[in-house]
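Visitor: Have a look at this one.
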Amino acid sequence: MTTPALLPLSGRRLPPLNLGASAFPHHRATLRLSEKFILLLILSAFITLCFGAFFFLPDSSKHKRFDLGLEDVLIPHVDTSKGGKNLGGFLIHGQGHDEHRHREEEERLRNKIRADHEKALEEAKEKLKKSRDEIQAEIQTEKNKVVQELKKKDSKPLPPVPLPNLIGINSGEPADPDIREKRNKIKEMMKHAWDNYRQYGWGHNELKPIARKGHSTNIFGNSQMGATIVDALDTLYIMGLHDEFREGQEWIDKNLDFSVNSEVSVFEVNIRFIGGLLAAYYLSGQEVFKIKAVQLAGKLLPAFNTPTGIPWAMVNLKSGVGRNWGWASAGSSILAEFGTLHMEFVHLSYLTGDPVYYNKVMHIRKLLQKMDRPNGLYPNYLNPRTGRWGQHHTSVGGLGDSFYEYLLKAWLMSDKMDTEARKMYDDAIEAIEKHLIRKSNGGLTFIGEWKNGHLERKMGHLTCFAGGMFALGADGSRDDKAGHYLQLGAEIAHTCHESYDRTTLKLGPEAFKFDGGVEAVAVRQNEKYYILRPEVIETYWYMWRFTHDPKYRQWGWEATQAIDKYCRVSGGFSGVKDVYSSSPTYDDVQQSFFLAETLKYLYLLFSSDDLLPLDNWVFNTEAHPLKNKKQHHCTSSIRI
């Protein structure tokens, strides 16, 4: 385990790790003036040599060009007026060929070479009159032209897919003035986070709000890809912050470039970038977001080039070379990573008409269906070379979580037509309930982790999303158990609220135990941090939508006040290292998911239900809303 400041995590995530990414520096060729002069002299000498060679060529009329033992040479021609014989479009000339015409041709070539030589010398003289800065500016201009031409070649026109009249993308204004005031406060917090990122970290992936500079982690490689911009777009849109949205759109249009020599996390880039771009496209209808999403998806496809089709965890966007995390069990891929691609990839196939994305994720599903599962549970590790499970570790938190979420959401996204996904979800949840869900001595329902044949009685903050998942999946569950799963969701929400309420700051720790009289409390120092995570608030929002029990808004407001009091700094919002300390230290990171998820779920919690209604929208694991099949009325051959 590492310190919170080193965690490359968001949404449904991996556990905390400190992994260095290889650097791929871009070397910019900068020619000094003296170097430029030498190159120009070499070029001039070469042209002079060519000119001299042509000038002193012997008269070809006196010599055969190629002594191939042939009396005649085939020359393309269609005119037979000079006595030649036309055979199939070629004219056969004998040795009586017109010598005068050859001499004219050679003279014309000499004149052209002489003119080109003189022109090159004139250009060289003009170059040498310019300053170093002017020469560098011209070189940069030419480089930019080449880059733009390459981009044009890469940008294949996408088929027109008409956008339907979308439901619930504006307003959501609550009638109650007290609720409206709280919602406005959350909007102000979003503005504070965005404005400081705009001022101090613009174009960087994230922000260090205390140091007031850009921040990044190994999940983004060594490139500044504006992760916060892409992640925050849909939140800005639904909050009505349209000037800020346009700022982000302009940056994406002009600066977001995926042809970089950078190794990125396939999972993180998919849920944050492709998910964020697709959501921005659906909400605004701006084509640039769809085009960028498809360009990036093409860069991720080489990650699937494994013996099994299970993708690598990381891929180099330029070379397409993939690999897995060095710490993963026996070189395995991770369930929550390769199992959290389905929603975005199905939408990509729908928007492009290209089934390749759909086929990739359906292949993963088919492979998983064929495999034996110990105790009906999915282990977190799968080797992409052998197709065998790695270490038998099962979690509904980090490493496993969003795999189960995407099974349920694949069913919802298909307007409940994808019964295969629903069956896989139901089977998995039954096994989880049997082996991982327990009640503590104090009556708190928790979800433990299965490790090496025994249950670890510890629950992570990441696992708290499951309360909302159980509520979302209640309708349509087997054996009329909708009430049971709604109640289970409520119990998980209560346990996670207790993990917040039992801290000094009223913010939840990264993980908490249920052992030896300790309940819903972190024991280890490196599990006491809070990095602006959204999962508990996410569950509050889903429970509010399905029950309208006012306690969920009350709990959400408690969390809002705690974040504003203890995580807000003048330069944005920062995580804290110890939620049990009355004077905590900051980790100095404003995570992109804070704008994408935490503030979005809080805003929705204090909005009316007609803003992004769940009958019409399905949220990816980074809280990016994607349309479900109900809203699709088009001619695309790919159906969601």
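From the backbone N, Cα and C atoms, a Cβ is placed for every residue, glycine too.
What TrEMBL records for this protein is below:
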ACT_SITE  Glu268  active site, proton donor
ACT_SITE  Asp401  active site
ACT_SITE  Glu510  active site, proton donor
ACT_SITE  Glu535  active site
BINDING   Thr621  Ca(2+) binding site
DISULFID  Cys464-Cys496  disulfide bond
REGION    148-178  region 'Disordered'
TRANSMEM  37-57  transmembrane segment
Visitor: How many whole Å apart are the CA atoms of Asp401 (active site) and Cys496 (disulfide bond)?
Guide: 16
Visitor: Here's one to test understanding: among the recorded positions Cys464, Glu510, Thr621, whose C-alpha is closest in space to the C-alpha of Glu268 (active site, proton donor)?
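Guide: Going through Cys464, Glu510, Thr621 one by one, the closest to Glu268 (active site, proton donor) is Thr621.
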Visitor: When the Cα-Cα distance from Glu535 (active site) is computed for each of the recorded positions Cys464, Cys496, Glu510, Thr621, which gives the smallest value?
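Guide: Nearest in space to Glu535 (active site), counting only the recorded positions, is Cys464.
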Visitor: Take the C-alpha atoms of Thr621 (Ca(2+) binding site) and Cys464 (disulfide bond) and report the distance between them in angstrom, rounded.
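Guide: Spelling it out, the Cα of Thr621 (Ca(2+) binding site) and the Cα of Cys464 (disulfide bond) are 13 Å apart.
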Visitor: Near Glu510 (active site, proton donor), how many other Cβ atoms are within 10 Å of its Cβ?
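Guide: Counting Cβ neighbours of Glu510 (active site, proton donor) within 10 Å gives 26.
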Visitor: To the nearest whole angstrom, what is the C-alpha distance linking Cys464 (disulfide bond) and Glu510 (active site, proton donor)?
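Guide: Their Cα atoms are separated by 10 Å.
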Visitor: Whole-number Å only: compute the distance from the Cα of Cys496 (disulfide bond) to the Cα of Glu510 (active site, proton donor).
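Guide: Taking the Cα atoms only, Cys496 (disulfide bond) lies 11 Å from Glu510 (active site, proton donor).
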Visitor: Note down the number of other Cβ atoms within 10 Å of the Cβ of Asp401 (active site), including every protein chain shown.
Guide: 29
Visitor: Within 10 Å of the Cβ of Glu268 (active site, proton donor), how many other Cβ atoms can be counted across all chains shown?
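Guide: Result for Glu268 (active site, proton donor): 27 other Cβ atoms within 10 Å.
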